[in-house]
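Visitor: After the structure tokens below, expect a handful of questions from me.
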Amino acid sequence: MPPARGHEKFSPEENASFFSKVTYSWYSRVITLGYKKPLEREDLFELNESDSPYTVCPNFEKQWRKEVLRTTKGLKAPCNKKVPSKTSLHKPCLLYPLWQTFRYLLIKVGLLKVAADILAFVSPQIMKEMINLYKNHSDLHWNGYRYALALLLVVILQTVIHQLYQRFNMLTSVKIKTAVVGLIYRKALTLANCARRKYTSGEIVNLMSSDAQQLMEMAVNLNLLWSAPFQILMAIIFLWQELGPSVLAGVAVLVLVIPINAFVAAKVKCLKKSQMKTADQRVKLLNEILHGIKILKLYAWETFYQKKVMEIREHEIDVLKSSGYLATFSMLTLTCIPFLVSLATFGIYFLLDEENVLTAAKVFTSISLFNILRLPLFDLPAVISAVAQTKISLGRLEDFLNSEDLDPQNIDTNYSANHAVGFIDASFRWDENSTQILNNLNVRIPEGALVAVVGQVGSGKSSFLSAILGEMEKLEGTVQRRGSVAYVSQQAWIQNSILQENILFGSGLNKPYYERVLEACALLPDLEQLPNGDQTEIGERGVNISGGQKQRVSLARAVYSNADIYLLDDPLSAVDVHVGKHLFEKVIGPSGLLKNKTCILVTHSLASLPQTDLIIVMEAGRIADMGNYQELLSKRANFAELLQVFSTESKNEETLPIKSDSYSLKGGSQKSYTLPQNEFLGPNDSSFLDQKKAFPVKKEKVPTGSTEMSIILKYLQAFGWLWIWLSLAAYLGQNALAIGQNLWLSTWTAEVEQTNDLTEWKQLRDNKLGIYGLLGLIQGLLVCYGAYVITRGSLSASRVLHHQMLDSVLHLPLQYFETNPVGQIINRFTKDMFMVDVRFHYYLRTWLNCTLDVLGTILVITSASPLFILIVIPLGYLYFTIQRYYIASSRQIRRLAGASHAPVISHFSETLLGAPTIRAFGHEERFVRQNKDVVNENVVYFYNNVISNRWLAVRLEFLGNLMVFFAALFAVMAGSTVSSSVVGLSISYALNITQSLNFWVRKACEIETNGVSIERICEYAKMNKEAPWLTSKRPPVGWPSKGIIEFINYQARYRTDLGLALQEISFQTRSQEKVGIVGRTGAGKSTLTNCLFRILERAGGKIIIDGIDISTIGLHDLRSNLNIIPQDPVLFSGTLQSNLDPLGKHSDLELWEALELGDLKNFVQSLPKKLLHEVSEGGENLRVLVLNSGRIVEFDTPHNLLRQKGVFSEMVTEAGITYDTDA
């Protein structure tokens, strides 16, 4: 959410002066503030109105609607009918509305790029004239000063125009992404059920995160498609003027390198795919390990699974090694291309004509032009490849955006009768692949009536509500509905925000009514125990509240909305009987808050039926009968049978504990509601409440301040000091040789000017060209060696840091995993490890190269003009001051930007889960606004990051431009004492320094910013670990043999600052005795079990098993000798055999015996591969056969059955089991 208007800092850019705009001086106050303190959100400038999603999205959506009308003329094929070929050929295209929306910006960016490209070629021409001036010694001073001044003006103008191009280019690209993201979000809210089933939530999120990003990256590089050929053509024209046809030899070398580089790039791409596949396997296994960490710890399987992860990691390292060695070739071509091109061009130049002489003007002008030529030649293949990738992304986006929408005409809201809801001969199905679910419905529900919808599992009760909401595909008939709707789904949908916001759901706070709703929904006792009452933040998908609490919050949201019609899909199933009774009396029933509202309740509760106005009995998708309780009881035998079924179920419910209210460490268990003195909370539930306080949901912090040197040192230690010194030596050598080559050319051209004899010139030429070639060859070898050494060191760092992190994570206590999202840990193993594997060593290497480049340039210019050292000192001081200011701000902006991306994805994922609820409440526009809010936050950081980069670039390039000017000025002042070759050398080096300075600071900033990844990888090593897995004291073989457990004054607490969860527990069991542990919810049953396995360590007393104090032996010795059947069943991907016996300790015969005892032998024998049957993640590929009245009604994997919301889904809900269809 954006900050309150009062705290926003509107961007002063639009009102700034021309000078302030082109130099970005208006942004200096943020940079200065960032230097004084870590920047926060309120310190940053807001977007200009034209750049914000609030302006961009509506403009683009308007153009998209025009495109849809233009291409389809209002004809859109429904899901169950084939699209006519004519329509499919002309489906709406995304590019046309994008062009219509952003064409003026794109044209402006293109014109700026043309100007910048032309100016890039002016500097070498001025340098050429200066060298000729020195060669001819004609009117040296005044003309020299004029040329020096002209050079300064050209490079300053180039800087200003290039930075304007970069600013508009980046912001136009992000606007394109913003527009597409907004359209995807809006589409996701209106997607028809048949279209929604074609996409998983992950796939739709991927469209927003990956495909929209791909479109943005293409937009950034779009101008290179014409700019690269334009630059190449300009360079060849200017080079032809210098060297004639021999320039084609240099161009031929460049062109020859392109296919070789393309081949290497293709190989690297294949290896990258292979590496991603291996990384996916590793992350999948880690995901399973972290989700099943409780099983791993209880069974002491950590070591086995750690080895499995390390094996996959070794494969990944091997692939990284191969791609690292291939990247060596790319490094070689990038570094040595200027030399190879020069060598080929000069060699052919001499061969074409014996009398061709190489002058300083020709040499240094050519080298400057070849340097310009290098970038477009390398960029062009990459951009062409990106076009192909973008085409795929565009296709995916267009397919999604052209998917079928829900038809608002499914529901008739304009009718004259006075009923609230009506069905007239209506039939429905979910999509074209499913059978007809609801048949020939005819019913009218009066306004203000309380209606119960009953029926056996799978009879169509939930589908009945979905039909009222317009979520199903209507085959025939009419659905009528009048007034606003509130909906409580079977699976409560909870937002990741404070509890109060979940209930208010966009409405204003009416304090008295809000408190009545809380009391009626039995939420007041919960609020007393939550850390911050109704201001407590609820984690993603309600991770830190129980199933019953989620359902009551969901009900409170509906009640508070004060709608006309309430659709309640069995909200009482997830709560205890007492709470259910309270909710019916206070909320739903004739005397409840909804007494004057139309209320349609799907229920299995027998007690509530007599109090309803109308009961609808569903049977196999039809309305079997309806009437009030007494009418149905008197005339319908099968209604009496249904009541008998309900009666049996409710008796069972009273006998057995409610599954949804059972113990769970994930932020606390469901409270017990059975005590007469206080229906909602017992006074002895302190251990449960302590546990709830012990494990609040933790959010990831955004780091502040500079990255400590110790972090970089940790990386360097993992890298290996030997590889570091060898890398330094290799890079020093190659940079020294690069300078040597240019110095050699300079002395060569100086000697040429003094040589008049042609024979002497030829000998000199062959000798100099040979040594020039030799220097280049040695440089090439050093480049290869340096890249090899860097690859070896970086792989060593990757291996060491990953192993340390994995080992640290597996040694963390179970409580850590209960309170920290698994995604946070996975993020360390994916995003942060990617930084270490691929990026970080590249940043270090580039920074080192730039450092040596800058030092080499200063040395060359100083050797040509010693006075230059006087300028280097103040410029160096300015440079480091600017760098220090910039890095402090940029580092923090980047960190904030990184943290701002997650809310966009989280909000989108949350919306996808709750889309039916959002549509039911009619809050689509509010959620679209919320999406714009979170996207706006992300773009604010992006905007500030772009402007801070431009602020830096203008200043650094200005310093670089001053270096160029002073190099030229001192050359002019030296007059005839310096040769033209020295002038050429110093100015050509000065022209290249700007890019090196820019890169130097950027990479220093990258190292600082991405050092956070190493910091996060290493932070697990500092956390408190569980006790050692093995100690010097080992229990005897066969322990425990008797099974005598003794608790002596045992005490335990969840956290040092909380009260005791177990107090003075003392008892002893006999050998082979069966002991039952009973008690209310929160009494400490699971805590006691956890203490046996030392999941929770003692606060006092001890536990002795067969004479051994369990605190004196290692955790693995303890846990591997005890056994437990956990509450939550977990299956790992692999074979059935590996799930039964991961450590391979038992024979097949023993496994078959175990399966027989678990009544699974026949099932496993029926599988083709029996024990070797592959189990997918979470047991996904073990299918379920659902029977009803002797017929097979469903047969699919649990995941698919849950998504279909049919018989199986209802059975799961009735059992009180919570599930996640996107897990």
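One-based numbering along the chain as shown.
For all residues, glycine too, the Cβ spot is worked out from N, Cα and C.
Pulled these features from TrEMBL for this protein:
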type     : residues : note
DOMAIN   : 109-389  : domain 'ABC transmembrane type-1'
DOMAIN   : 421-645  : domain 'ABC transporter'
DOMAIN   : 725-999  : domain 'ABC transmembrane type-1'
TRANSMEM : 105-127  : transmembrane segment
TRANSMEM : 147-165  : transmembrane segment
TRANSMEM : 218-240  : transmembrane segment
TRANSMEM : 246-266  : transmembrane segment
TRANSMEM : 325-352  : transmembrane segment
TRANSMEM : 718-739  : transmembrane segment
TRANSMEM : 769-790  : transmembrane segment
TRANSMEM : 867-887  : transmembrane segment
TRANSMEM : 958-978  : transmembrane segment
Visitor: May I ask you to check whether the transmembrane segment (958-978) and the transmembrane segment (147-165) make contact, with contact taken as at least three Cβ pairs under 8 Å and only pairs 6 or more apart in sequence counted?
Guide: yes
Visitor: When you scan the chain for residues with a C-beta under 8 Å from the transmembrane segment (246-266), skipping those not six or more beyond its ends, what do you find?
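Guide: Contacts with the transmembrane segment (246-266): 236, 239-240, 326, 329-330, 333, 337, 340-342, 344-349, 352, 366, 370, 373-374, 377-378, 380-382, 385.
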Visitor: Out of 105-127, 147-165, 325-352, which stretch touches the transmembrane segment (218-240) the most, going by CB pairs under 8 Å?
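Guide: Most contacts with the transmembrane segment (218-240): 105-127.
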Visitor: Give, as a single whole number between 0 and 100, the mean pLDDT over the domain 'ABC transporter' (421-645).
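Guide: It averages 83.
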Visitor: Near the transmembrane segment (325-352), which residues from the same chain, at least 6 beyond its ends, have a CB less than 8 A from one of its CBs?
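Guide: Tertiary neighbours of the transmembrane segment (325-352) are 239, 243-250, 252-254, 257, 260-261, 264-265, 267-268, 271, 358, 363, 366-367, 370-371, 373-374, 378, 734, 738, 741, 745, 765, 769, 772-773, 776, 779-780, 783-784, 786-788, 791.
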Visitor: Could you give the residue numbers and ranges of same-chain residues that sit at least 6 residues beyond the transmembrane segment (105-127) on either side and whose C-beta is under 8 angstroms from one of its C-beta atoms?
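Guide: Same-chain contacts beyond the flanks: 99, 147, 150-151, 154-155, 157-158, 161-162, 164-165, 168-169, 172, 175, 222-223, 226-227, 230-231, 234-235, 238, 364-365, 368-369, 372, 964, 984, 987-988, 991.
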